[in-house]
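Notes follow once the structure below has been shown.
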Amino acid sequence: MNTPHIIPRVGIATDAHQVQPGKDCWMACLLWEDQDGCEGHSDGDVVAHAVVDALLSAAGLGDLGSFVGVGRQEYDNVSGERLLRECRELLESKGFVIGNAAVQMVGNRPKMGTRREEAEKVMGELIGAPVSVSATTTDHMGFTGRGEGVAAVATAVVWQAQN
């Protein structure tokens with residue numbers, strides 16, 4: 001009798017977008033009032049995008065660009081929420097179970113600490129697994145420190161049964 005082995009897989013990813021004055025700020029699947037959002041083909045949610053990329057990386061399924069592309073009209077201004085939901089559906093269809101994800105936003109704004117638990121809850125429900133959210137600044141160094149953009153770094157763990 002062949003007993004299946006559970007093989008954990010780890011993925012890592014980054015995302016960065018330039019701040020776009022006047023655009024709605026979506027970060028960690030939350031709308032941040034009175035904050036400028038990030039440019040992009042999508043809603044500019046670097047936190048959600050980094051988690052999607054880390055999940056795809058862990059499963060060996062490419063990256064966000066290969067997942068949705070930038071030329072597909074149905075993904076114009078797509079939300080991070082939709083990307084996380086569709087990524088979860090893809091992974092589950094390929095036999096993967098999401099273990100957890102961790103993501104750190106790098107930038108001056110929005111101030112993630114005030115809504116960190118809310119972000120973890122929303123994103124965790126979308127992927128069906130715990131999500132840890134944190135944030136840091138770069139002490140005024142680089143494009144994130146000057147407020148020109150926001151970045152995020154994420155890791156994710158998934159499992160797939162192997163015979």
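Each residue, glycine too, has its Cβ placed from N, Cα and C.
As given in Swiss-Prot:
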type    : residues                                                                                               : note
BINDING : Asp15, His17, His49                                                                                    : divalent metal cation binding site
BINDING : Asp15, Ala16, His17, His41, Ser42, Asp63, Leu64, Gly65, Thr136, Thr137, Thr138, Asp139, Phe143, Arg146 : 4-CDP-2-C-methyl-D-erythritol 2-phosphate binding site
SITE    : His41                                                                                                  : site 'Transition state stabilizer'
SITE    : Thr137                                                                                                 : site 'Transition state stabilizer'
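All features noted in Swiss-Prot, drawn onto the structure.
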{"residue": "Asp15", "record": "divalent metal cation binding site", "Cβ contacts under 8 Å, 6 or more apart": "Val46, His49, Ala50, Asp53, Leu64, Ala151, Ala152, Ala154"}
{"residue": "His17", "record": "divalent metal cation binding site", "Cβ contacts under 8 Å, 6 or more apart": "Cys38, Glu39, Gly40, Gly44, Val46, Gly149, Val150, Ala151"}
{"residue": "Ser42", "record": "4-CDP-2-C-methyl-D-erythritol 2-phosphate binding site", "Cβ contacts under 8 Å, 6 or more apart": "His49, Tyr75, Asn77, Val78, Ser79, Gly80, Leu83"}
{"residue": "Thr136", "record": "4-CDP-2-C-methyl-D-erythritol 2-phosphate binding site", "Cβ contacts under 8 Å, 6 or more apart": "Gln104, Met105, Val106"}
{"residue": "Thr137", "record": "site 'Transition state stabilizer'", "Cβ contacts under 8 Å, 6 or more apart": "Val106, Gly107, Asn108, Thr144, Gly145"}
{"residue": "Thr138", "record": "4-CDP-2-C-methyl-D-erythritol 2-phosphate binding site", "Cβ contacts under 8 Å, 6 or more apart": "Val106, Thr144, Gly145"}
{"residue": "Phe143", "record": "4-CDP-2-C-methyl-D-erythritol 2-phosphate binding site", "Cβ contacts under 8 Å, 6 or more apart": "Ala16, Gln18, Gly149"}
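Apart from Asp15, His17, His49, the divalent metal cation site neighbourhood in this chain, defined by C-beta within 8 angstroms of the site C-beta centre, holds Ala16, Cys38, Gly40, Ser42, Gly44, Asp45, Val46, Val47, Ala48, Ala50, Leu64, Val150, Ala151, Ala152. Taking the recorded positions His41, His49 in turn, the residue surrounded by the fewest other Cβ atoms inside 10 Å of its Cβ turns out to be His41.
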